[in-house]
Amino acid sequence: MGMADPQANGNANGDGFSKYSRYQKMGTELREEGEEIQNQQSKSLTSNKYVLACAIFASLNSVLLGYDVGVMSGAILFIQKDLKISQFQEEILVGCLSIVSLLGSLGGGRTSDAIGRKWTMGVAAMVFQTGAAIMAVAPTFTILMVGRLFAGIGIGFGVMIAPVYIAEISPAVARGALTSFPEIFINFGILLGYVSNYVFSGLPIHIGWRVMLAVGILPSVFIAGALFIIPESPRWLVMHNRIDEAKFVLLKINENESEVEERLAEIEEAAGTKNPDKKYEDKATWYELLRPSPIIRRMIITGLGIQCFQQITGIDALVYYSPTVFKKAGIEGDEAVLAATVAVGFTKTIFILVAIFLIDRAGRKPLLYVSTIGMTVCLFGLAITLALLSHGLSSKEFGIGLAILMVCGNVAFFSVGIGPVCWVLTSEIFPMRLRAQAAALGAVGNRVSSGLIAMSFLSVSEAISVAGTFCLFGFISALAVAFVYFLVPETKGKSLEEIEMLFQDASDSQSGEVEMGDVERLVQKE
């Protein structure tokens with residue numbers, strides 16, 4: 001037998017050692033990669049929790065609006081009996097809140113640019129709290145209206161600033177869901193208002209409605225605490241040349257430091273802080289909104305239009321006057337009527353939660369289609385049901401059941417689409433220098449539309465019947481479907497800076513429909 005070749009044996013041992021070293025190195029790299037992924041996931045989870053907390057705290061003001069809307073629908077039944085007010089005074093009391101709130105919305109844009117987004121929320125809560133306290137102790141209709149004035153101004157501030165703040169602090173991938181939080185909290189407030197009506201309806205008439213209104217002060221306590229927890233908007237900080245503070249906030253809401261640098265550069269570019277000739281002096285002015293360029297004009301039409309359609313389709317008529325609608329359907333007794341409104345409140349709240357899970361998955365536009373088409377069907381269905389009941393062509397039990405189903409269906413479709421998406425779009429589509437003022441303009445359109453509907457519903461219903469009024473709302477809702485098709489772009493997954501480019505491209509192409517590939521094509525051009 002021959003001896004084994006030492007060279008060959010050495011090579012074999014060398015190869016084995018080399019393979020072992022490579023495997024050991026690969027194992028070390030895999031462990032390091034795994035640890036890095038785990039660290040990134042941990043950072044992502046922490047930042048997501050932080051952004052979520054900011055969105056929740058920023059949305060607390062919306063509870064005030066929702067509670068006022070919900071509680072007034074039942075409180076007005078007792079205010080009528082206690083203060084002996086007329087139908088005209090009832091319409092003014094219910095509807096003036098939305099009209100007056102435009103004062104807060106108009107001032108909110110300028111105020112938020114001056115003192116910051118989060119402190120504007122504090123001003124909103126303080127003013128509303130003053131109004132709620134005055135209303136709770138009002139001995140006459142006049143004093144009640146004074147309190148309503150303060151409450152309306154506070155709501156105007158709050159309703160425009162919360163979506164702006166959340167949009168500016170949220171990452172693009174979750175911005176839709178987070179920016180819909182104010183609408184969720186409005187619905188939660190409405191539900192609380194309905195429940196409050198039902199719970200306190202057994203109190204003496206002159207005490208019950210006062211307690212109902214006074215409970216609305218409580219959320220302000222939580223808002224005061226929230227102001228010391230949430231940070232200022234990084235985009236507002238950049239506009240005021242507080243770059244280091246903006247970077248600190250971005251590091252809290254983004255897990256990737258390179259992504260933070262990139263996002264900060266984009267914000268600085270949009271704000272003009274890198275150009276000494278374009279600093280914050282180039283900030284938003286009403287002149288630019290009132291004399292807009294073609295691109296800004298299209299943004300205004302989209303933003304203001306969707307805000308107005310949200311209200312002129314009659315949602316506040318159903319929310320404020322649902323007791324009146326249910327009485328027309330044949331439900332008897334205040335307690336039974338208020339119990340039916342609680343069912344409406346639960347439906348509205350549940351379906352707004354559905355919208356959260358879908359808005360960043362399905363997109364804004366598909367939800368708007370489902371919402372406006374569904375509302376159209378339900379509004380026409382409610383009109384037909386009430387018409388059949390008024391002419392005795394339907395059994396009372398079947399008619400009441402169908403009326404409740406149509407009302408609940410309408411608020412469900414509203415909550416899953418146009419309710420939250422309207423605020424998301426308005427906070428997304430405008431360039432940073434105009435965002436606060438444009439959001440204020442959109443909120444003004446929303447509140448004026450709401451006020452006109454609330455202040456005219458009883459009079460219009462008396463003129464053309466309740467059934468005829470909801471048939472009119474049905475036709476308006478059908479127009480909203482066409483508006484969405486021709487004028488609303490899809491903004492899902494795009495950064496706020498990319499959306500501005502999206503409108504730029506849409507304006508250049510003169511197209512009413514914006515495709516998902518617009519931004520990518522623009523980037524390729526560059």
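Cβ atoms are placed via backbone N, Cα and C, with glycine included.
TrEMBL labels come from automatic prediction, so no person has curated them.
These numbers come from a predicted model, not from an experiment.
Ranges compared are 92-109, 506-523, and TrEMBL records transmembrane segment for 92-109. The transmembrane segment (438-458) makes contact with the transmembrane segment (149-166), as judged by at least three Cβ pairs under 8 Å among residues 6 or more apart in sequence.
Residues 48, 51-52, 55-56, 58-74, 159, 162-163, 166-167, 212, 215-216, 219, 319, 338, 341-342, 344-346, 348-349, 352-353, 355-357, 359-360, 364, 415, 419-421, 423-424, 427-428, 491-493 of the same chain sit 6 or more residues outside the transmembrane segment (173-195) yet have a Cβ under 8 Å from a Cβ within it. Taken together, the residues of the domain 'Major facilitator superfamily (MFS) profile' (54-492) have an average pLDDT of 84. Contact between the transmembrane segment (464-488) and the transmembrane segment (299-321) holds: at least three of their C-beta pairs are under 8 Å, each pair 6 or more apart in sequence.
Remote same-chain residues near the transmembrane segment (207-230) are listed as 53-54, 57-58, 60-61, 63-64, 67-68, 71, 74-75, 78-79, 82, 118-119, 121-122, 125-126, 128-129, 132-133, 135-137, 189, 192-193, 196-197, 200-201 (criterion: CB distance under 8 Å, separation of at least six residues from the stretch ends).
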